[in-house]
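Residues or ranges marked as Zn(2+) 2 binding site in TrEMBL: CYS14, CYS18. The Zn(2+) 3 binding site annotation in TrEMBL covers CYS14, CYS20, CYS24. What TrEMBL lists as S-adenosyl-L-methionine binding site is ARG46, GLY47, TRP48, ASN115, HIS116, TYR157, LYS195. According to TrEMBL, the feature Zn(2+) 4 binding site maps to CYS118, CYS194, CYS196, CYS201. Annotation source TrEMBL lists domain 'SET' at 35-158. If you look up TrEMBL, you'll see 190-206 marked as domain 'Post-SET'.
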Amino acid sequence: GQVRIRAGLPIYECNSRCRCGAECPNRVVQRGIRYDLCIFRTADGRGWGVRTLQRIRKNSFVMEYVGEIITSEEAERRGQVYDRQGATYLFDLDYVEDVYTVDAAHYGNISHFVNHSCDPNLQVYNVFIENLDQRLPRIALFATRPIRAGEELTFDYNMHVDPVDAESTRMDSNFGLVGGGLGGSPRARARIECKCGAASCRKYLF
C-alpha cells in the first residue's frame, strides 16, 4: 500500500475489470482516507489547516484532492472571481494537456483545507483507476516522510516535478494548485506572500 515510484510517474490501480478483490495491494487510493484527520484553525494567519491524529508512514496514501471537474475555460472565469476574493481551490489536471481543472471551492473533502508549504510532507501523484483518459487523472496525496500524530499536513501548491523518464516528461511544469486562475495563464496576477515558515520558503506562493 505504499507508493514506490518517483513523483511525476502515473499510478495505475486495479479496477472493476480485474479479477482481484478489494484487499488487493494495488487498490489503495480507491479505498479512500484511512487515517483520522482533523481541521483546525492556524495561529499564524493561514486560515484553516489539516492535521493528522495518527502517525503516518512514509510513502503512504493520505487523501485525494476532490472537487468539481470543470473546463479550463470555466476555471479561468472562476479564477478571476477567486482572485478578487483572495482565495482559490483550483487544481489544474495538466498531466498531458491543460483541458480540465478541479475546483474544490464548493464540492470536495478535507483536502480543501490543506495548506501550502515550501517544505511539504505530502506529494501529489496522478492516479488512474476506472478511467484511462489521461486528461482526467485523480489527484492523490502521499506522505513524503514519516508524519507524527498532531502534525499539520501540507503540499506544495506550485510544485515542479523533474522528469525522470520519457513517461513523466509529459508532466507540465505548472502542475499543482493554481494561483487564482490557470497556472499557464498569460494574464498577470498579484503575487501572494507565503506564510509557511519553512527554512526553504520561497517567500511567495505564486
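Cβ from N, Cα, C; glycine included.
Site extent for S-adenosyl-L-methionine: the farthest pair of Cα atoms among ARG46, GLY47, TRP48, ASN115, HIS116, TYR157, LYS195 sits 16 Å apart. Remark: of the binding-site residues ASN115, CYS194, LYS195, CYS201, the most isolated position is CYS201 (fewest other Cβ atoms within 10 Å of its Cβ).
Each of GLU13, CYS18, ARG19, GLY21, ALA22, PRO25, ASN26, ARG27 belongs to the same chain as CYS14, CYS20, CYS24, is absent from that list, and has a C-beta within 8 angstroms of the C-beta centroid marking the Zn(2+) 3 site. Take the mean position of the Cβ atoms of ARG46, GLY47, TRP48, ASN115, HIS116, TYR157, LYS195, the recorded S-adenosyl-L-methionine site; other residues of that chain with a Cβ within 8 Å of it are THR42, GLY49, THR154, CYS196.
Straight-line distance linking the Cα atoms of ASN115 (S-adenosyl-L-methionine binding site) and CYS24 (Zn(2+) 3 binding site), rounded to a whole number, equals 32 Å. Counting Cβ atoms from all protein chains shown, CYS14 (Zn(2+) 2 binding site) has 17 others lying within 10 Å of its own Cβ. Spacing of CYS118 (Zn(2+) 4 binding site) relative to TYR157 (S-adenosyl-L-methionine binding site) is 8 Å (Cα to Cα, whole number). The binding-site residues close to CYS201 (Zn(2+) 4 binding site), defined as a CA atom within 10 A of its CA, are LYS195 out of CYS18, ARG46, LYS195.
The binding-site residues listed here (ARG46, GLY47, HIS116, TYR157) include ARG46, HIS116 as those with a Cα within 10 A of the Cα of CYS196 (Zn(2+) 4 binding site).
Over the domain 'Post-SET' (190-206), the average per-residue pLDDT in this prediction is 81.
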